[in-house]
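Enquirer: Sharing the features that TrEMBL gives for it:
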- 21-37: transmembrane segment (TRANSMEM)
- 57-76: transmembrane segment (TRANSMEM)
- 107-131: transmembrane segment (TRANSMEM)
- 137-169: transmembrane segment (TRANSMEM)
- 181-201: transmembrane segment (TRANSMEM)
- 229-251: transmembrane segment (TRANSMEM)
Amino acid sequence: MKQFLGVLRYEYRMSIKRRSILITAFIFSAYYIFMWMTNEYHFDLAEGIANPLFAQAGQNVFGLNLFFPVVVGIAASDRAIRDFKLGTRELLRATDLRNSTYVLGKYFGVVLSFVTLEFVIVFFVSIFIVIKMHWSALFILYNLLSVLLISTPGLCFIIAFSLLCPLFMPLRVYQILFTGYWYWGNFISPTVMITLSDTVLNASGEFPMTAFLGVMVSADSPEVTQAKAIANILTLLLVAALALTGMTAYINKTEKRAA
């Protein structure tokens with residue numbers, strides 16, 4: 001556990017201190033403040049919605065998911081391969097650190113760093129909205145809860161693959177493919193082309209937002225039950241766990257081959 005926490009803390013600090021990440025936070029904050037000032041930010045709400053303020057918060061966070069996960073996937077994609085290029089893995093092999101501990105520590109460190117970043121963005125944007133709209137301060141709390149409900153499962157999913165895939169494919173190729181995947185697999189309608197957007201592999205957060213908060217991306221969006229939303233979240237986490245298992249196995253195999 002001590003080794004796991006050590007890797008997690010190190011990876012968290014390295015990820016959260018990156019200047020590009022801080023610049024990204026500023027850009028996204030400025031963008032969403034602008035969208036609210038111009039009143040161009042709107043989704044449809046289901047009839048008879050129980051908590052309109054919570055629904056509005058979910059809408060706010062989902063809007064961020066249109067672009068933020070792309071930045072996350074690209075920024076996280078060099079976190080593991082970088083250790084191999086800089087020789088850090090050779091140093092770690094000289095210790096008794098298990099590869100599974102290394103993978104889990106790195107993974108959770110990266111996940112927590114980007115969830116922290118999204119919390120910061122959403123926190124300051126929601127404060128601005130509360131002041132501008134004269135809404136209850138509960139809106140701030142609802143936004144933070146929406147990050148956990150809508151964004152976090154998808155981030156867990158994409159970060160797992162962003163750590164794994166660059167180990168066996170060129171980094172730039174993965175980043176290009178990932179960007180294309182994000183919009184094809186999560187936002188393109190299945191009536192346009194074959195896509196994952198209507199399956200439980202949708203990582204955009206649309207399913208939990210629609211099922212639990214009553215926010216629909218469009219008026220003709222299909223109905224999503226709470227059972228399907230839960231299945232969506234569990235599937236994303238399960239597939240992420242499988243990707244991490246594959247990453248550990250790949251590192252083990254690579255090191256045995258090099259020995």
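Here the Cβ of each residue, glycine as well, is placed from N, Cα and C on the backbone.
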Enquirer: Does the transmembrane segment (229-251) reach the transmembrane segment (57-76) with at least 3 CB pairs under 8 A, where each pair is 6 or more residues apart?
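Expert: Per Cβ check, the transmembrane segment (229-251) does not touch the transmembrane segment (57-76).
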Enquirer: Near the transmembrane segment (137-169), which same-chain residues lie under 8 Å Cβ to Cβ, leaving out any that are not at least 6 residues past its ends?
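Expert: Non-local partners: 51, 53-54, 56-58, 60-62, 64-65, 68-69, 72-74, 76-81, 84, 103, 106-107, 110-111, 114-115, 118-119, 122-123, 125-127, 129-130, 178, 182, 203-205, 208-209, 212-213, 232-233, 236-237, 239-241, 243-244, 246-247, 250-251.
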